[in-house]
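Contents: one structure, followed by commentary.
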Amino acid sequence: MSLNVVILAAGKGTRMRSDLPKVLHPIAHKSMVQHVIDTANSLGSQAIQLVYGYGADKLQASLGEQQVNWVLQAEQLGTGHAVAQANANINDDDTVLILYGDVPLIQQSTLNALLDARTHDGMAILTVDLPNPSGYGRIVRIDGKVVGIIEQKDANEEQLQITEVNTGIMAVPGKQLKVWLSRLSNSNAQAEYYLTDIVAMAHEDGVAIDTAQPQSAIEVEGANNRVQLALLERAYQTRAAEKLMLEGANLRDPARIDIRGEVTVGMDVMIDINVIFQGKVVLGNNVTIGAGAILIDCEIADNAEIKPYTIVEGAKLGQAASAGPFARLRPGAELKEDAHIGNFVEIKKSVLGVGSKAGHLAYIGDAQIGAGVNIGAGTITCNYDGANKHLTVIEDGVFVGSDTQLVAPVTIGKNATLGAGSTICKDVAENELVITRVKQRHIQGWQRPIKQKK
């Protein structure tokens, strides 16, 4: 049997009070529906049907080249009607897994348990026990066996006391699913075609109905408004923080960290408060991340340190390298072993060699800097001529004095010294001292202009 996943994502989400389709609202910097698609892919599904409606242009622009079949639900007439739109893409021998684009925290392990619970040619539904089941469809059992699902608005007083509720997530044999969908009626309080009605049909047809439950109820919570969205965000962040701690990271305060991607950590990593991780971030052993740092798609080697309020994006730090506080590493930047940049240093598309330092107030762009180099405060690599970028090469052992401009393309030879305040436009040979300052003048008795009173 092939696994065919149907994701329902057609709703507008009026209670979000937004022009953005509900399923595109983000959890951890990724749309809710993208979380669901990623989980479906992790199951090894052979096909994914994405049922869409409101905001089609925005959905397709956001999801881009996803490996999904786009299935239009022109009118939103209920969950059963939504699934029926995908009938043409469902084979009789498929196992059809039905998911929801606004339920982003469902786990692969839970869905595997649901699929494992389904007997051959039977169906399995994901249920959860809630202390306050108000608003949810109730699971109706007779002698322990599931016989149907009753929606809140259609339930009687006895049924309203049931605490086991329907999550909407189910695994159904393709052949029977299409038959049951064709038999759905909208004769109910909402005048909609309820997908849940197929459970009673399965019972009537003698089909086995099994159940599974998630490890946590938050997995099956949806977001209909921004308050619920924030609750899901916090649950996601709590789970992500716990994962980091179990893998060897020390979090100063697990409630004050934001993980918006995939973070891999070594042992004894220390992460201070209000740190943001985005994209793919790799931290080696004994790495220290200071408060307020932002790390995006970067690699930090063993014993390196990111000091407070430093931004590292698309960059690499070698062993025992350090950056910050208040430094910025832009894409293509690399600090080799024991290299250091300090406060208010920006480095882009450049390599700072082993043991080299730029302590403060410098811009390093499109540069190859060797080992043991000192970059003085206020140094700027002038890499852009208004049309093209040019390379600055600074070889091993160079000392660059404060307030120096290097006008690229230019090469500074080994162990050269550039005097403070110099503008370097030509190559410098090894071991040379170069000073380009104008001659200092002394004007005696100089009077500063006096501001005229109005």
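Cβ from N, Cα, C; glycine included.
Fair warning: this is a prediction, and the values are worked out from it, not measured in the lab.
Annotated in Swiss-Prot:
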- HIS360: active site, proton acceptor (ACT_SITE)
- 8-11, LYS22, GLN73, 78-79, 100-102, GLY137, GLU151, ASN166, ASN224, ARG330, LYS348, TYR363, ASN374: UDP-N-acetyl-alpha-D-glucosamine binding site (BINDING)
- ASP102, ASN224: Mg(2+) binding site (BINDING)
- ALA377, ASN383, TYR384, SER402, ALA420, ARG437: acetyl-CoA binding site (BINDING)
- 1-226: region 'Pyrophosphorylase' (REGION)
- 227-247: region 'Linker' (REGION)
- 248-454: region 'N-acetyltransferase' (REGION)
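Each residue contributes its Cα atom, and for ALA420 (acetyl-CoA binding site) and ASN374 (UDP-N-acetyl-alpha-D-glucosamine binding site) these two points are 12 Å apart. Among the residues ALA377, ASN383, TYR384, SER402, ALA420, ARG437 said to bind acetyl-CoA, no two Cα atoms are farther apart than 23 Å. Packing against the region 'Linker' (227-247) from elsewhere in the chain are residues 16, 25, 27-28, 32, 104-105, 218, 221, 254-255, 257-259, 263-265, 269, 271: each is 6 or more residues past its ends and has a CB under 8 Å from a CB in it. Candidate recorded positions: LEU8, ASN224, ARG330, HIS360. Nearest to ARG437 (acetyl-CoA binding site) by Cα distance: HIS360. Helix, strand and coil counts from DSSP across the region 'Linker' (227-247) read 20 helix, 0 strand, 1 coil. Ranking the binding-site residues ASP102, GLU151 by how many other Cβ atoms lie within 10 angstroms of each Cβ puts GLU151 at the bottom. The subset of recorded positions (LEU8, ASP102, HIS360) lying with their Cα within 10 Å of the Cα of ALA377 (acetyl-CoA binding site) consists of HIS360, given in sequence order.
Neighbour counts of Cβ atoms within 10 Å were compared across the recorded positions HIS360, ARG437; the minimum falls on ARG437. The local packing around ARG330 (UDP-N-acetyl-alpha-D-glucosamine binding site), expressed as other Cβ atoms within 10 Å of its Cβ over all shown chains, amounts to 17. The binding-site residues in question are LEU8, ALA377, ALA420, and the one with the fewest Cβ neighbours inside 10 Å is ALA420. In terms of local Cβ density within 10 Å, ASN383 ranks first among the binding-site residues ASN224, ASN374, ASN383, SER402. Of all the recorded positions in the record (ASP102, HIS360, SER402), the one with the smallest CA separation from GLU151 (UDP-N-acetyl-alpha-D-glucosamine binding site) is ASP102. Separation of the C-alpha atoms of ASN224 (Mg(2+) binding site) and the residue listed as 'active site, proton acceptor': 48 Å, rounded to the nearest whole number. Within 10 Å of the residue listed as 'active site, proton acceptor', judged by CA to CA distance, lies none of the binding-site residues GLY78, ASN374, ASN383.
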